[in-house]
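*Asks:* The structure follows.
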Amino acid sequence: MLGTSLSPHHENFWAVIKSYYQLTKPRIIPLLLITTAASMWIASHGHIDPVKLLITLLGGTLAAASAQTLNCIYDQDIDFSMQRTRKRPIPSGRVQPRHALIFALILGSLSFSLLMVFVNLLSACLALSGIVFYMLVYTHWLKRHHVQNIVIGGAAGSIPPLVGWAAVTGQLDWSAWILFALIFLWTPPHFWALALMIKEDYAEVEVPMLPVVKGEKITVDQIWIYTLIVVPFSLLLVFPFQASGLFYAIAALVLGAIFIQKAWELKQNPFDQSLAKSMFKYSILYMMLLCTAMVVDSLPAVHDVTALVTTTLASLT
């Protein structure tokens, strides 16, 4: 079905594969998987089942790929209108929408089946809910109609840690929801920094992103506020929930201080594209390193070292 006859724009079978791969927006997926993995490590207290980890990450990859493909189908008119996205598979004519829809449904079905059979039903349902929420709530309802689109729609990108936690424990407790909320609060400063960089593109296709509707100054003020909330919120995993320990706390404080500095610099210069780009790139690095710190902190050896340091310091006071 996915042969070279699908489109005259494809020179060979590998070009077809490349087009379908591009439909999934693969650069977005790794960050979603990192949050899933971090959640699983915390939930398992560092004793992760490698097979379950790989299956869960594969299921998450398929779910995210399905959601992104559906997004490409729905937003094909916007993509065609913007110079930056005009060469994507659907607006360029390399993939037909009906074929992309079949591809997305196959990916979503594989994700749900894989998680349900080899992990558990809760993780499968959560992954499916992420696809549905991303398409119906964010892409269809919010993105083109509401200035707070990315705030509410950010819930879709916050579901992966719930999937990871459910995969390990079969349930969702407060620590899982803290991880969900952490990513939910991180999403606006991350995405609004990007929106500042491509404001004109969004304005051209009448997508009401915050910089388009309210301007740069209000946008950077909102970025500043959310950043100030995210950093202390990240420490809730340490106290009072005690899901993470000293190593994570130190990492969260250091990474958070840099995040706040980036937001402050942008607040002082709201029209500086280089600062918006720096903020956007660092927001990705921040979340990646924060999740890495969660994983390292959960390792038994790190717990032993932390306990030794704590005991030593206590004996000196």
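The backbone N, Cα and C atoms fix where each Cβ goes, and this holds for glycine too.
Pulled from Swiss-Prot, these are the listed features:
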- 28-48: transmembrane segment (TRANSMEM)
- 53-73: transmembrane segment (TRANSMEM)
- 101-121: transmembrane segment (TRANSMEM)
- 122-142: transmembrane segment (TRANSMEM)
- 150-170: transmembrane segment (TRANSMEM)
- 178-198: transmembrane segment (TRANSMEM)
- 223-243: transmembrane segment (TRANSMEM)
- 246-266: transmembrane segment (TRANSMEM)
- 282-302: transmembrane segment (TRANSMEM)
*Asks:* With an 8 Å cut-off on Cβ pairs and a sequence gap of 6 or more, do the transmembrane segment (150-170) and the transmembrane segment (53-73) reach 3 or more such pairs?
*Replies:* yes
*Asks:* Please figure out which one of 122-142, 178-198, 282-302 racks up the most CB pairs under 8 Å against the transmembrane segment (28-48).
*Replies:* 282-302
*Asks:* Mind checking which residues of the chain, 6+ beyond the ends of the transmembrane segment (282-302), have their Cβ under 8 Å from one of its Cβ atoms?
*Replies:* 31, 34-35, 37-39, 41-42, 44-47, 183, 186, 189-190, 193, 234, 237, 244-248, 251-252, 255-256, 258-259, 262
